[in-house]
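Visitor: Have a look at the structure that comes next, please.
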Amino acid sequence: MGVPTVVLILSAVVSFLGGLLFGYELGIISGALLWLKSEFLLTCFQQEVLVSAVLVGALVASLVGGFLIDRSGRRTSILASNLLVLGGSIILISSGSFSWLVVGRVTIGFAISISSMACCIYVSEIVQPHQRGMLVSLYETGITVGILLSYGMNYFLSSWKYMFGLAISPALLQFFSIFFLPSKLSTRNPSDEESHSGLIELLDTDNVEDPKRVYSFCDLFGTKDNMRTRTLLGSGLVLFQQFTGQPNVLYYASTIFCSVGFQSNSSAMLAAVGLGIVKVLSTLLAMSCADKVGRRVLLFAGCILMTVSISTIGCASFVIQLDTHKSCELLAYANSSNSTIRLKSIDNITVLLQDQLSDPKISAQDFTSRMLNNYTADVTSPIMGQVKHTDALVRDDQLQSNTFLNWVTLVSLMVFVSAFSFGFGPNL
């Protein structure tokens, strides 16, 4: 007796929405950061904390998630993660300070990590074995589509609150969809029974251990069943996935494009949309070729392309005149020094007034001219980033002279993301 069609469709929806939500929350910070750093005048360190806060939440969830999922059940864990996404999104859109932004991002990170673990386990348990691969692949596809969607919303939406708040929609859709799915199958899957009975007939029952045996953490590093090698290979793939820097590209895509010559936020976000499209197409290509070509071959090819593309970006960065004028530290200094500059300007005006009263030979025109020059010198001082008109013209000429290299960087970045998607993607 197979799984009902309705259950299969809803399982696919839940799996896809789980991946969509995960990818959206990963990618949305790329564009939102451009608005947040201007509105809250964030330092470089604060921006890094805000980006990594979601990873801190995910790290905590990875340590306790397995225990929570086993105790409360997969279905309940997914429902709870949806509520956490709702709560975290509300915290973000109502935040008025940097601290609350971090709290919201940590909450979101914890939620999507729990959801990512529970979703794949849950859908694989309620469908037949030959359907599990498709549903897990849908989750991976949902991640890339979510990243693309987040880049698109970064471009079309003009408020970071809307960007964060839009995550509520897929969370609610998944929440209500999973209500129509069973918590577990009422009967054992016939395919599982056939496989189990086949193994009993083929193997020596005297040497077969109890299938209900509970494995401990230490068994992962034992020699039995080659578990030590499997653990090292699995952990190595995950670690090297992070060491490639590809996740950082997703988080800082719009910021990277701004620094290499895309002058406006909208143009940088549009370039990020192109990056998201390439990632989706690469993931679909990897899904169709993984079983035919082989995951090992794709991994080698992906690593070679990533090496070539990232080396090209490194070489181009030595020639490109990066737009350092948009440094995040400049915003922070402006925030901390704004009141000091205003006080200094007031002091200068007071001195000028005293000179005017003590020296009747100073004309009103000379007084006004000296006052304006004094104030302008304060605002356009070298400490404040040298925001003079002539400097801006020089900087624009430098950026325009490297247009070709800017596009080389963009194409290389797309190749880098694409190579990761069909290299590491099918192996994780």
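Every residue, even glycine, has its Cβ placed from backbone N, Cα and C.
For reference, TrEMBL lists these features for the protein:
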type: TRANSMEM; residues: 7-29; note: transmembrane segment
type: DOMAIN; residues: 11-428; note: domain 'Major facilitator superfamily (MFS) profile'
type: TRANSMEM; residues: 49-69; note: transmembrane segment
type: TRANSMEM; residues: 81-100; note: transmembrane segment
type: TRANSMEM; residues: 106-124; note: transmembrane segment
type: TRANSMEM; residues: 136-156; note: transmembrane segment
type: TRANSMEM; residues: 162-181; note: transmembrane segment
type: TRANSMEM; residues: 237-262; note: transmembrane segment
type: TRANSMEM; residues: 268-290; note: transmembrane segment
type: TRANSMEM; residues: 297-320; note: transmembrane segment
type: TRANSMEM; residues: 404-424; note: transmembrane segment
Visitor: Pairs of Cβ atoms less than 8 Å apart decide it: which stretch in 81-100, 106-124, 162-181, 268-290 has the most with the transmembrane segment (49-69)?
Guide: 106-124
Visitor: Would you mind listing the long-range same-chain contacts of the transmembrane segment (81-100), meaning Cβ under 8 Å and 6+ residues beyond its ends?
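Guide: Result: 21, 25, 40, 42, 46, 50, 106-108, 110-112, 114-115, 118, 161, 164-165, 167-168, 171-172, 174-175.
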Visitor: Could you tell me the mean pLDDT over the domain 'Major facilitator superfamily (MFS) profile' (11-428), as a whole number?
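Guide: Mean pLDDT, the domain 'Major facilitator superfamily (MFS) profile' (11-428): 77.
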Visitor: Find the member of 7-29, 136-156, 237-262, 268-290, 297-320 that has more C-beta pairs under 8 Å to the transmembrane segment (162-181) than any other listed stretch.
Guide: 7-29
Visitor: Are there residues at least six beyond either end of the transmembrane segment (297-320) with Cβ under 8 Å to its Cβ atoms? List them, or say none.
Guide: 244-246, 260-261, 286, 289-290, 402, 405-406, 408-409, 412-413, 415-416, 418-424, 426-427
Visitor: Which residues, given as numbers and ranges, are at least 6 beyond the ends of the transmembrane segment (268-290) yet have a Cβ under 8 Å from it?
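Guide: Distant Cβ neighbours of the transmembrane segment (268-290) are 27, 30-31, 34, 137, 140-141, 144-145, 147-152, 154-155, 249, 253-255, 257-258, 262, 298, 410, 413-414, 417-419, 421-422, 425-426.
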